[in-house]
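Asker: Right, I'll just put the structure down here and ask away after.
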Amino acid sequence: MTLNNVTMRQGTVGMQPQQQRWSIPADGRHLMVQKEPHQYSHRNRHSATPEDHCRRSWSSDSTDSVISSESGNTYYRVVLIGEQGVGKSTLANIFAGVHDSMDSDCEVLGEDTYERTLMVDGESATIILLDMWENKGENEWLHDHCMQVGDAYLIVYSITDRASFEKASELRIQLRRARQTEDIPIILVGNKSDLVRCREVSVSEGRTCAVVFDCKFIETSAAVQHNVKELFEGIVRQVRLRRDSKEKNERRLAYQKRKESMPRKARRFWGKIVAKNNKNMAFKLKSKSCHDLSVL
């Protein structure tokens, strides 16, 4: 996944459904539901400083990709939700390059909305990451709208706080009710995985919750940037799997399988055979597959 541009946006326009604006003020009052973001107008950009040469790489091997983007960038609105203090803003800042020296042009226009163009499996995509769940003001109104505007959701909890895990389960139920007729990609994110001695929620509990609520699961550590790259690659793949044609997704899967080891292929093959006649084994396999963000 190769990162290109980053934008953090915060605006002041009124709520007009006709406008295709991604500006979001501090109180979230002007949050808009829109389906197709427009191309953003030209703005002055600030290039990275020379000392930013030690940038952490966020690329997934795509130099030999068999897939190319034929219609330009695709936009995905991804919403961060979860209890306060679980690390949502830290994940957003890492995504935006705040905690990572940048080797590309970037804009800093606000605190709530982050835009980044990246490459996943050889195709360009732009994630517009919304992190306004805890904004002061009309929280109930804002939460309702957050449930409506996302193309995908990251429900974040802290592995050191069981209450945040239980809240994440509640949010999954609320999201299902709000988007009953839609197949929305959701990833349950157990953050702060580096705090091993303070763990209150086990990995198996996270997996089970993901299986029960039909979503994906990953543990991350924003503090040491563990699995953060994989998280944002994964959410792009999850949206694509639901939106794009079967043929296109098969090409992507073939691209990914070329890099898969033979032992892993063998385990996956035999696992499917055993699962056909064993419900308990099928549940275990589904629990394991919830970690795989490249499949539905």
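Glycine is no exception: its Cβ is also placed from the backbone N, Cα and C atoms.
The region 'Disordered' annotation in Swiss-Prot covers 1-20, 37-68. Swiss-Prot lists 57-68 with the feature compositional bias 'Low complexity'. As annotated by Swiss-Prot, GTP binding site applies to Gly82, Glu83, Gln84, Gly85, Val86, Gly87, Lys88, Ser89, Asn191, Lys192, Ser193, Asp194. The region 'Calmodulin-binding' annotation in Swiss-Prot covers 266-285.
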Asker: Limited to the region 'Calmodulin-binding' (266-285), I'd like the whole-number average of pLDDT.
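Answerer: Reported value for the region 'Calmodulin-binding' (266-285) is a mean pLDDT of 51.
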Asker: How far apart, in angstrom, are the most distant Cα atoms among the GTP-binding residues Gly82, Glu83, Gln84, Gly85, Val86, Gly87, Lys88, Ser89, Asn191, Lys192, Ser193, Asp194?
Answerer: 19
Asker: Just name the most isolated of the binding-site residues Gln84, Asn191, Ser193, going by other Cβ atoms within 10 Å of its Cβ.
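Answerer: Relative to the other binding-site residues in Gln84, Asn191, Ser193, Gln84 has the fewest Cβ atoms within 10 Å.
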Asker: Give me the non-local Cβ neighbours of Lys88 (GTP binding site): same chain, 6+ apart in sequence, Cβ-Cβ under 8 Å, ordered along the sequence.
Answerer: Leu80, Ile81, Gly82, Asp131, Trp133, Glu134, Leu154, Val156
Asker: If you draw a 10 Å sphere on the Cβ of Gly82 (GTP binding site), how many other Cβ atoms land inside?
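Answerer: Excluding its own Cβ, Gly82 (GTP binding site) sees 25 Cβ atoms within 10 Å.
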